[in-house]
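Working notes, structure below.
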Amino acid sequence: MAAVVAVSLKRWFPATTLGGACLQACRGAQTAAATAPRIKKFAIYRWDPDKTGDKPHMQTYEIDLNNCGPMVLDALIKIKNEIDSTLTFRRSCREGICGSCAMNINGGNTLACTRRIDTNLDKVSKIYPLPHMYVIKDLVPDLSNFYAQYKSIEPYLKKKDESQEGKQQYLQSIEEREKLDGLYECILCACCSTSCPSYWWNGDKYLGPAVLMQAYRWMIDSRDDFTEERLAKLQDPFSLYRCHTIMNCTGTCPKGLNPGKAIAEIKKMMATYKEKKASA
């Protein structure tokens, strides 16, 4: 019996040794592959108005993806911290909540904090500020007009009887509350508005998809008493009706919302409002 066990051990041990060697070799190869530099190029829009004679241009940076987080914002922060401290961009939450880091990445408007880096090392990732906006510096667009338009729709609850304000809750049914889903989640990043050709050419008059979706959000809020007044403010030819349902807005929204549908609903409400007004 002992002889049989000895023979079995002799047969088993060399195989185990060989298997262990193979496993170590595989691990070594994986480690070598992991530590080999993975150099990714980023071409980033640069312009500094404080530099006399400076013109907009693209500047290329190289990042080793082995030493960088997975998101485009990680790469931008690494570039600013370790390579070029003059690179300027907005950022805050890093979780797709605040909308600060909205920019155009590889041809599409999105959030740098939620867009993963394209790991194809043969392709250069191109990063621009949001299109058709005045640029303050580098990747920072001037959102003054965008915020002024948002302010113009009075994006807050309005009551005609304010005698009970602060004294009681304004209740909603479950069904009434569900109407706001897909609207209130907007983070005002302006990705949708700056992807809209109508907003590119009429941004001074056309409110754009982001602002109109928020206008709709308050129009259908059962607690608000100023739906008709809100509609009346949008009757001119530009504020609402420059939307031609191109739907770039819906395609680019980083939160998966549908501004195009909201605008279509406003147009339907506007038709009903005008009929009611004409028959009055």
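Just so it is clear, glycine is given a Cβ too, placed from its N, Cα and C backbone atoms.
Look at Swiss-Prot and you will find Cys186, Cys189, Cys192, Cys253 tagged as [4Fe-4S] cluster binding site. Of all Cβ atoms in the shown protein chains, 20 besides its own fall within 10 Å of the Cβ of Cys186 ([4Fe-4S] cluster binding site).
Under the heading [3Fe-4S] cluster binding site, Swiss-Prot lists Cys196, Cys243, Cys249. Long-range C-beta contacts of Cys243 ([3Fe-4S] cluster binding site), restricted to its own chain and to partners at least six residues apart, with a cutoff below 8 Å, comprise Cys196, Ser198, Tyr206, Pro209, Leu212, Gly260, Ile263, Lys267.
Sequence-distant neighbours of Trp201 (ubiquinone binding site): no residue of the same chain at least 6 apart has a C-beta under 8 Å from its C-beta. The feature ubiquinone binding site is assigned by Swiss-Prot to Trp201.
Residues or ranges marked as domain '2Fe-2S ferredoxin-type' by Swiss-Prot on the basis of sequence analysis: 40-131.
With a threshold of 8 Å between CB atoms, the same-chain residues lying at least 6 positions outside the domain '4Fe-4S ferredoxin-type' (176-206) that come near it are 96-100, 102, 108-111, 130-133, 141, 143, 145-146, 150, 213-214, 216-217, 220-222, 236, 238-239, 242-244, 246, 248-255, 257-259, 262. Annotated domain '4Fe-4S ferredoxin-type' per Swiss-Prot: 176-206, in sequence order, evidence recorded as sequence analysis.
Annotation source Swiss-Prot lists region 'Interaction with SDHAF1' at 146-218.
Swiss-Prot lists 1-28 with the feature transit peptide.
Looking only at the binding-site residues Cys189, Cys249, the densest Cβ neighbourhood within 10 Å occurs at Cys249. Report note: the [4Fe-4S] cluster site is defined by Cys186, Cys189, Cys192, Cys253, and the residues of the same chain whose CB lies within 8 Å of the CB centroid of those residues, excluding them, are Gly99, Ile187, Leu188, Ala190, Cys191, Ser193, Pro209, Ala210, Met213, Cys249, Thr252, Pro254, Lys255, Leu257, Pro259.
It is Cys253, among the binding-site residues Cys192, Cys196, Cys253, whose Cβ has the fewest other Cβ atoms within 10 Å in the structure shown. Here the domain '2Fe-2S ferredoxin-type' (40-131) returns a mean pLDDT of 97 for the predicted model. DSSP states for the domain '2Fe-2S ferredoxin-type' (40-131), grouped as helix (H, G, I), strand (E, B) and coil, give 15 helix, 29 strand, 48 coil. A Cα-Cα distance of 12 Å separates Cys189 ([4Fe-4S] cluster binding site) from Cys249 ([3Fe-4S] cluster binding site).
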